[in-house]
Every structure is written in C-alpha cells, then in structure tokens.
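S.K.: Input: one structure, supplied below.
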Amino acid sequence: MAKKITLPQCKEMKKQGKRLRMITAYDYPFARLVDESEIEIILVGDSLGMVVLGYDSTVPVTLDEMIHHCKPVVRGAPNTLVVADMPFGSYNVSKEDAIRNANRMLKESGIEAVKVEGGTRMAPTVRALVDAGIPVMGHIGLTPQTAAQLGGFKVQGKTEDAAQQLLEDALALESAGAFSIVIECVPAGLARTITASLSIPTIGIGAGPYCNGQVLVIQDLLGIYDRFVPKFVKQYAQTGPAIRAALNDYAREVADGVFPGPEHSFGMDDEMKGLY
C-alpha cells in the first residue's frame, strides 16, 4: 500500500517516467482491496451502469447513482486518489450545471476529481470547472456516453483527419486545465504521439503501451464476466468460474444437509442441554 498520490504528483510521475495505475471500483469491498494494493488511482466509472446496475449503456446512469457509489469507495480507499465520472447529462447542458453537479459529487461523496468525456468542444466546460476549483480528468477517443454518435464501440482516430482531431482535443483539454487525460480505443502510435505532445499524463485503455498509465474495469481484470472479453483486456484471474463453483458447492451442501456442520454451529452450556 503506497502513500496517497496527489494531483501534482501525477504530473511529476510523468516527468520521472513512472507509470500510473488506475482501476475502477464501485463499492466498499473492492475499494478496500484496491487500497491495499500498489494502484494509485480508483475511477468510479459510469461503467457501473453496465457492470453493476445492468443497463445496456452508461447513458441511463444518474448523478444520484454516481454519488451513491462514490461514497463507499471513498470510505474504503482512504490511501488512494478517487476520481469519478460525471454522468451523461450532468455536465453537457451548461457550464453552470456542470459546476453545480461536480460540486455535489465532491461535497457529498468525498471524491477528489471528476472525469468528463469530450475534447475541443468540452474544453470550455473543463476550464469553467477548473476555475471553480474542481480538478478534472479528460477523456478522448472512444467516449462511451456518445458511442452511438461515433458509430458504436469501435477504434477511433484511424484516419488522418480523425487522428489530428484527437491530438487537437488532447491539447485543448490540457490548455483548459485538465490534470490528466484518458485515451480510449485508439491506435497505439497515435496514443504515443498524443502522449509525447502533452505535459500532463495520459492513461490508456485500449490505446497501447505508450501512455503514461493504464486503466481497466476491475471486473474485467478479475475475469468475473467471461462471456465477452474486449481485445484490450488482460484477465489476471478467472474469478467468475470460481465464484459460480463456490455458489454451486454451497447450494449442494445445503440441499444435502452437509452445511452447516458441527464446526459452524453453536453449542449449549451443560446445564441447559437437558432442557432443549
């Protein structure tokens, strides 16, 4: 368990050539486990909509749902920097809305920074948030909240024009005051160029090895959901099958009267045994 990293230290780590490690968490138990690891940053992602709440996308996630999940994560990870996604509709209506809603997230949950999706068009909102004292992490490339507008969940920046736009997006977010930028699902060479063009750290997901850090969804990393594994995911464990096996063992032992056994039961004092 490392000492809690500060926002300025994120930038300093880039200068020193050190990699940032970020992982999602949505509840207290997983936050505790991450806090006991060497990972520096927890992202309470709006991916919880699909991973935890069973929605088809991140779009239905509400501000109240994000705050609800941020609270236990902050309590479970006192030694880890906690960043949270601003959900769709909470920051893209007006700058005033964005500031109001980001303030709610910080005040009510205890997170230290917010993440917003979008590039050049979102830069004025990022600047407004930063000027209001709210630290912001940017997010470019595949932006799940607007995936339909991008043609679905697919690699971005594959043409010269699209690649140039992503570079301009990153530079605009840096100029607006973002302390770091997530780059999602872009070619590795483009991510390398963007990373080299910025003084702030980039954190990749499906963006190759040249970013200043990496992020994964914790359920993907642990192999909990094994029906679909994105190309960019490495499963460091296969806990889904292990969990199912444990549940079936429990069900079988209860049905067979094996559990609970004597070792899981409470005894009675000698003077009471004859009464019951």
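Glycine too: its Cβ is placed from the backbone N, Cα and C atoms.
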S.K.: Which residue of D85, D161, D169 does Swiss-Prot report at the same Mg(2+) site as D46, E117?
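M.R.: Answer per Swiss-Prot: D85.
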S.K.: Cα-Cα, whole number of Å: E184 (active site, proton acceptor) versus E117 (Mg(2+) binding site)?
M.R.: 11
S.K.: Let me check the 10 A CB neighbour count of S47 (3-methyl-2-oxobutanoate binding site). How many other CB atoms are there?
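M.R.: So the number of other Cβ atoms within 10 Å of S47 (3-methyl-2-oxobutanoate binding site) is 22.
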